[in-house]
Structure formats: structure tokens, C-alpha cells
């Protein structure tokens with residue numbers, strides 16, 4: 001019974017024809033054009049600024065009820081599904097294609113460094129596409145924050161926009177590093193947003209700063225993976241999509257510096273933070289969902 005359930009799960013998440021035969025296409029894949037990418041980010045930025053201006057004279061927060069909690073639950077569930085799906089698909093992809101690269105790479109090296117000429121098709125890129133689509137859920141928290149009358153900051157807008165942009169680059173250029181990035185991001189997001197759902201419905205809050213430490217762990221995984229890609233690119237025959245990887249590294253470096261600025265201000269200078277939109281409090285360990293920086297109490 002359990003074995004049959006596992007086989008069905010593996011079929012629907014890794015062996016289904018729609019997954020195996022997936023191909024990133026500007027014609028058939030929704031949201032796959034540069035015009036769509038820049039238009040959607042532009043609409044997000046304009047809508048956030050417009051809503052902030054409309055509510056500029058309103059002091060009371062708009063009641064949102066359980067909407068932020070349900071949003072956190074949705075992101076946690078979607079992230080867990082993508083994590084399981086890409087894990088099963090990665091194992092299957094290595095099994096089916098290893099004969100092509102087994103003389104020059106190990107499975108770990110393949111995870112970090114796609115062979116030159118890799119095209120965005122197959123199981124792994126299907127889940128990369130699902131990851132890209134799921135990034136459009138995250139900016140909703142910007143609007144929750146505005147309705148809660150939180151300050152609209154540059155970093156909030158920058159962070160959410162960059163998450164969408166980077167996941168698009170992974171598909172467009174068959175970029176190396178993306179499998180490790182998706183695995184680490186979805187695993188940590190499922191924990192982080194699951195915790196946010198837990199606290200937002202009134203269940204006990206941990207004294208351990210869950211969200212902040214999840215963000216630190218995620219950035220640490222990114223840094224280690226970037227170093228691995230760089231070493232493999234120069235030691236082997238090269239990694240696919242290295243140009244996009246360089247730009248991606250610059251964006252991740254920018255996010256890392258902004259996060260370190262937040263972390264130093266919070267932990268080393270004793271500033272007190274505003275908690276996330278789901279559970280406002282004068283001093284917080286939960287952070288913001290699309291924002292890593294805090295706000296000092298006046």
C-alpha cells in the first residue's frame with residue numbers, strides 16, 4: 001500500500017509525460033517572454049506605489065483577517081511540493097542522462113554545473129518553471145504590508161522583483177546552480193512560511209528567531225553553491241549559462257549586503273524590529289516576508 005503510494009507520487013511528480021516532455025518555450029510557456037517579465041514587474045512596482053499613495057492619509061491598518069495566514073500556508077505547501085518534485089526529478093534525470101557526462105562529472109558536480117549546451121527541457125526545468133511561477137505569489141505580501149500601514153521601502157520592492165527576475169534567468173539561459181538554489185529555497189521557505197502560518201493563527205511563538213536564521217541559512221547555501229560553480233567552471237570544461245550566473249551572483253551579493261546591514265543593525269546595535277505582517281509586534285524575531293530589513297523604534 002505504501003509502496004504503491006510512493007510509486008504514484010513519483011509518477012505524478014517526476015515521470016508524468018507533461019513533466020518529462022516539458023520544454024521552456026516563448027510560445028507555449030506562460031510568462032516566458034521578456035516583455036511579460038518586465039511588464040509584470042513594472043505593474044507590481046506601480047501598483048504598490050499607487051496603493052501606498054492612496055492610503056497615505058490613512059493611519060489605521062486595514063483589517064485582513066486570515067488572508068495573510070492563508071497566503072503563508074499556500075507558499076509553504078507550494079514550496080514543499082516543488083521541493084519534493086524537483087528532488088524526485090533530479091534523481092530521475094541523473095539516472096537517465098548520466099551516461100552522457102559520467103566520465104567528466106559526478107552527480108554533485110552536475111547539480112552545480114550543467115554541461116555546456118544544456119537546453120531548458122525535461123523534468124528539472126519543469127520544476128524550475130513551477131518555481132518561477134510561484135515567485136509571483138510573494139509580492140502579495142507587499143500589498144498586505146501596505147494595507148497594514150507598514151512603511152514601503154526600496155528593499156521590499158527590490159527583493160521581490162529580483163526573485164522573479166532571477167528565476168526567469170535560470171530558465172532562459174539554462175543556468176547552472178539553479179537546482180541547488182531551488183532545493184535550498186523551497187526547503188527553507190516551506191519551514192519559514194509554515195512557521196509564519198503557525199504564529200499568525202495564534203499558536204505559540206518560538207523564542208528562537210526562526211525566520212532570520214532561515215534567511216541566514218539560505219544565503220549561506222547560495223554563497224557555497226556560487227563558490228562551487230565558480231571552481232567547477234574553471235577546473236572543468238565550463239558550466240552552462242555562466243554569463244547569467246555572473247549577473248545572478250551580483251544580484252545575490254547585493255541581497256547579501258542588504259541582509260548583513262539589517263542583521264548588524266538588529267543584533268549588534270540593539271535595534272528592535274517590527275515583526276512580519278501576520279503578527280505585528282514592537283520587537284520581533286520573525287522579520288518580513290519580502291523584506292529582510294527592520295525598523296527602529298522611535
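Note that Cβ sites are derived from N, Cα and C of the backbone, with glycine treated the same way.
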Of the residue ranges 118-138, 244-264, the one that TrEMBL records as transmembrane segment: 244-264
Quick one: which of 153-171, 267-285 does TrEMBL have down as transmembrane segment? 153-171
With TrEMBL as the source, which of 68-88, 89-109 is set down as transmembrane segment? 68-88
Report the listed stretch (34-56, 68-88, 244-264) having the maximum count of Cβ pairs within less than 8 Å of the transmembrane segment (210-232). 244-264
